[in-house]
Amino acid sequence: MRWLTHVFLSLALVKGPSLALRPIDDHTDSGKCVGEFIEGNSPFVPERYFLFLDLDPGRKNFQGHVTIEGALRGDVDWFALHSVNLEVNNVKLNGSAAVWSLDHDIGILNISVPQGGIRGNNDFLAVEVSFGGVFDQDKGVIMQQYDESDENRWVIFTHLEPISARRVFPCVDLPKYKARFDITVKNNFPGRTVLSNMPIYSSDEYAIRFETTPLMSTYLVSFVVCDYAPVRTGIDKDRGRRITSWVPEEMKRKWGTRYIGSLAPQLLHVLESYIGHKYNLPKLDMFSVANKPGIGGMENWGLIMYQKDSLMQGKRSTVKDMERVIFTISHELAHHWFGNSVTVADWCGMWFQEAIPTFLHGHIPFKHSYDLDMVNKIKWLARKEVMRDECLIFDYSGPLRNLDDPKADKLFTPLHYLKGASLLYMIESLVTPNVFQRALQSFYVKYNDSYATEEELWEEVETAVGEGGVKGKRKAPKTLSEIMEGWVTSVGHPIVVVNRKENGQLSLAQRVCLDTSALIVDGDWWIPISYTTSSDPNFVSTEPQRWVEPEPQDFQNINVTLEDDEWIIFNVLGSGFYRVQY
């Protein structure tokens, strides 16, 4: 993801059977998420893409052909594919010439449905499109010269998240429209390596064909052309998968290859143990991008991209360098389960897709030769960085889910990584770590190979709480979904104001701080209150003993009275994502 570096520093080619996909219209109305990302539900639901690309590094452009097999739902006169900065040459429907038009202004390829032939009752439809496009500097197909002294030292790679698959091939470029992909690249590159999401199926002097992918979203499609050599290639014999790192020869000499060969397998094993399911692709390539500002990593399935200093570390690397490497690699690996297998329904909800991998990194123990205490460090880094910046910078304090203005630059900020993870830590402290782990495991099982929403995550937590029989002194006043609504949609974070009367009685109110000029406005949170006192000190339990309701104008009595010489500390272990003003 584009903000991952900033986060840490500031903290089968044969046609298969028809697929039984989760019905698209079984989901919450996607019209709630407005802006450039969501255009409603497509009547054409792709099941499989057969993509051929002819890349020309000399002219910095490409030609391509895609056949999209899927189902047409509803009796419609036309349907649309996303297509941005592509020249469309020809379109066919089920082998016959189609009537089509390309709207360059909004990036839509409109295709007419012939009368009488296709009724739209989930009828099979094969859409064939011939097209051409150009290389870009930072999205779509990217070509970079990584050695300024040698123009032949170049690399071609892709970066398609969130909505740049449409710059590479016509498609339904929304995350919930998952399909399988058969990718073929014309063999124009003697002496160079061509990689994609899956291993090579076959290769000859004409083309390189890759195995069919699992069900995945369009933004995860990836390919690379390079002259790199592998740093280390190994076979994880217990799981039958190949793990390879790819870097330029000059980088190997300059940075060294310390830990790269063993780090990914160790992290995968730890993640598999926590989630309860194995990494199920036959290979994992980790590819170093020499110059892609702002991107620490990108979780393309089976072909993860890393900024060079997020992958390579040498003998002079510091502890902080290694922390950053571990954070970035573990975050991208965790996306295998949460992001690639279980994907957001739309980009307005992407915050929890980034929050879960960030949470996992801070939760699971990982020890290596530096013996870093990463488990607790990421939790406190998240709280410290987000709470500080939310009060200092108003733009930083926007809601996690923004239905009014879901622009690309608002989707990938430290807010989504660190604040989102902090909220998950808070929920974990409410329901206990074992229950929350069980909830994530069931969430993965239920929505694997599909898409999900944050509400469905909360439902799995509620179910796990019921199964675990978690007991509390004060039952939650609302469902978890209702409680979390304010946390996800409100600006900033709450400050719990403590009022101690002369008779020792305590009352609490909530406010929100937005900057250092003491701009205090009303909040809208259900806040879990844990505390410990001098008469009964307990710095272990984070169980909520009271809840502050979203009534910001009023102080709420909590039925606690202190003696004159008695102290009280709220928010035990900082488990709740709020500050306390005594």
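Placed from the backbone N, Cα and C atoms, the Cβ positions cover glycine too.
The signal peptide annotation in TrEMBL covers 1-20.
According to TrEMBL, the domain 'Aminopeptidase N-like N-terminal' annotation covers 45-220.
The domain 'Peptidase M1 membrane alanine aminopeptidase' annotation in TrEMBL covers 265-487.
Cβ-based neighbour count (10 Å, all protein chains) for Glu354 (Zn(2+) binding site) stands at 29. What TrEMBL lists as Zn(2+) binding site is His331, His335, Glu354.
The feature active site, proton acceptor is assigned by TrEMBL to Glu332.
If you draw a 10 Å sphere around the CB of Tyr417 (site 'Transition state stabilizer'), it holds 29 other CB atoms from the protein chains shown. Here TrEMBL flags Tyr417 as site 'Transition state stabilizer'.
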Of the recorded positions His331, Glu332, Glu354, which one has its Cα closest to the Cα of Tyr417 (site 'Transition state stabilizer')? Glu354
Provide, as an integer number of angstrom, the distance between the C-alpha atoms of Glu354 (Zn(2+) binding site) and Glu332 (active site, proton acceptor). 10
When a 10 Å sphere is centred on the Cβ of His335 (Zn(2+) binding site), how many other Cβ atoms does it contain? 25
Count the Cβ atoms, other than its own, that fall within 10 Å of the Cβ of His331 (Zn(2+) binding site), considering every protein chain shown. 26
